[in-house]
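Below: the structure, in structure tokens.
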Amino acid sequence: MLRVSRLIRYISMGMFLAFTTWVAYRHQVVGGGPMGVPPMDALCPFGGLESLYSYIREGAFLKRTAPSSLILGLVVAFMTISLGRVFCGWICPLGAIGEAAGVLGKRIGVSRVPRWLESWGRYLKIVILVVVLVFTWSFGTLVMRPYDPWVSWAHLSGGWREVSSSPVGFMVLFLFVMGAAMFVSRFFCRYLCPLGGALWLLQRVSLTRVVRNADTCVNCGACDRACPMGIVVSKSHTVSSGDCISCGECVESCPVRGTLGFGLRRFRLTPLVLGLAGLTVFFLAYGVARCTGLWRTHYSISKEAASDPVEGIFGWMTVEQAAGQVGLSAEEFIKAAGFDEGVPRDVALKKLPGVDDEKVKVLLRAYLASAPKSRKGVLDPDSIKGSQTLEEVASVYGLEVTRILKAAGWPEDLEGARGLPLKELARRAGSEVSKIREAIKTLLGQGGN
């Protein structure tokens with residue numbers, strides 16, 4: 001019979017897994033962008049850590065990450081320091097997959113790997129964390145994405161096309177997150193997860209840890225066998241391992257009530273109280289971010305797009321939106337991308353038959369490289385579309401968003417000024433998109449570019 005805390009923990013992980021999987025599916029169907037569904041990168045705390053250096057140094061996020069990534073990263077870090085790795089034990093969808101595989105392996109009698117054999121790789125995730133961050137911060141792009149099992153899970157609905165485009169990521173998903181976890185519970189979490197590596201470091205200084213009363217302990221080893229992370233709980237007064245995910249399985253398995261518990265300074269917390277406290281902090285932080293307008297899952301101009309406008313093209317964009325991103329007319333874009341002249345201009349690139357948006361980028365770069373210098377990135381202000389965001393327009397002309405707003409006579413603190421389509425901003429400002437076109441002309445005439 002499942003205890004209440006374990007049941008609620010399973011429900012919590014299952015709901016987060018179901019929700020994020022549904023969002024991932026909808027992203028594949030609807031697409032991203034200001035009015036679309038965010039990619040999984042924007043809903044992953046590790047994306048915040050990957051973009052942290054770029055954000056601090058240049059105020060820009062890496063492609064596919066967003067302010068939401070950074071907010072989640074900071075919230076998870078705070079939760080870990082104050083309550084332990086509750087995110088890993090109660091929320092993380094990838095952890096839920098790994099733990100479910102471990103439970104399945106246990107049920108069908110899959111032989112377990114000896115403890116001495118599985119312990120050597122505990123620090124491998126720290127090495128992976130350092131390597132990923134060094135290369136990500138150096139090159140300014142998500143270097144782990146082709147190998148990320150969570151990204152692969154999010155693209156499962158794409159079928160064989162997605163598998164063939166990112167085979168290593170799917171191999172990691174099926175072999176290490178699922179397959180290996182049947183032999184060693186949460187195999188990926190223990191040895192390979194870079195986010196787990198970062199939280200391992202924070203858990204070492206966490207205020208909340210499992211504490212054991214040696215006087216009432218009967219040394220039965222039930223806590224050791226119950227731990228999904230393979231921690232030896234029975235030999236410690238206070239569990240200092242950074243691998244503890246605050247799941248409470250060891251506490252729930254103890255036959256002597258009160259022998260194990262979570263210690264927060266002088267207070268003792270049950271697994272249920274700890275888990276609910278972590279979930280409360282998580283949802284409260286999300287609610288505050290939403291209410292204050294800080295929560296944004298789309299960031300129009302990534303670091304990559306700022307230096308290379310072609311990198312700002314996504315599959316969810318229409319021909320007209322993509323053309324505006326690189327400073328071309330729709331006709332020029334169609335020619336450069338090798339499309340038929342009759343191609344629909346209001347359909348997402350990813351939905352156009354036989355179109356590979358990555359190949360389109362290659363063709364566009366070649367076209368722009370061969371174009372006269374005076375034409376590169378130059379867009380007639382009269383060609384600015386209401387579907388473009390103000391941040392996209394500002395990037396094309398090298399102007400600040402606030403300067404454009406001021407020149408157009410719109411409030412400089414207009415809500416959603418950066419991420420919403422111009423037609424929506426015009427509605428909120430009680431104005432028209434033509435005002436932005438006129439403002440751009442004025443600023444360019446003053447040498448604003």
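Note: Cβ is positioned from N, Cα and C throughout, glycine not excepted.
Keep in mind that what you see is a predicted model, and the values were worked out from it rather than measured.
Here TrEMBL flags 7-25 (among others) as transmembrane segment. Below 8 angstroms of C-beta separation, residues 37-38, 40, 43, 89-93, 95-97, 99, 153-157, 247-248, 271-272, 275-276, 279 of the same chain, each at least six residues beyond the ends of the transmembrane segment (7-25), sit close to that stretch.
Non-local neighbours of the transmembrane segment (70-103) in the same chain are 9, 12-14, 16-17, 20-21, 43-49, 51-52, 55, 61, 149-150, 153, 177-179, 181-182, 184-189, 193, 196, 199, 202-203, 205-209, 228, 244-248, 262, 264, 274-275, 277-279, 281-282, 285-286, 289, 294-295; each lies 6+ residues outside the stretch with a CB under 8 Å from one of its CB atoms. Residues or ranges marked as transmembrane segment by TrEMBL: 70-103 (among others).
Within the chain carrying the transmembrane segment (123-144), a Cβ under 8 angstroms from the stretch's Cβ atoms is held by residues 41, 47, 49-50, 53-54, 62-65, 190-198, 200-201, 303-304, all 6 or more beyond its ends. What TrEMBL lists as transmembrane segment is 123-144 (among others).
According to TrEMBL, the feature transmembrane segment maps to 164-184 (among others). Residues 94, 97-99, 101-102, 104-105, 110-113, 118, 145-149, 151-153, 155, 190, 192, 230 of the same chain sit 6 or more residues outside the transmembrane segment (164-184) yet have a Cβ under 8 Å from a Cβ within it.
Averaged across the domain '4Fe-4S ferredoxin-type' (208-237), pLDDT in this predicted model comes to 93. Look at TrEMBL and you will find 208-237 (among others) tagged as domain '4Fe-4S ferredoxin-type'.
With helix defined as DSSP H, G or I and strand as E or B, the domain '4Fe-4S ferredoxin-type' (238-265) counts 5 helix, 6 strand, 17 coil. The domain '4Fe-4S ferredoxin-type' annotation in TrEMBL covers 238-265 (among others).
With a threshold of 8 Å between CB atoms, the same-chain residues lying at least 6 positions outside the transmembrane segment (269-289) that come near it are 4-6, 8-9, 12, 68, 71, 75, 78-79, 82-84, 86-87, 89-91, 208, 246-249, 251-252, 261-263, 295. If you look up TrEMBL, you'll see 269-289 (among others) marked as transmembrane segment.
For the domain '4Fe-4S ferredoxin-type' (208-237), DSSP puts the residue distribution at 5 helix, 5 strand, 20 coil.
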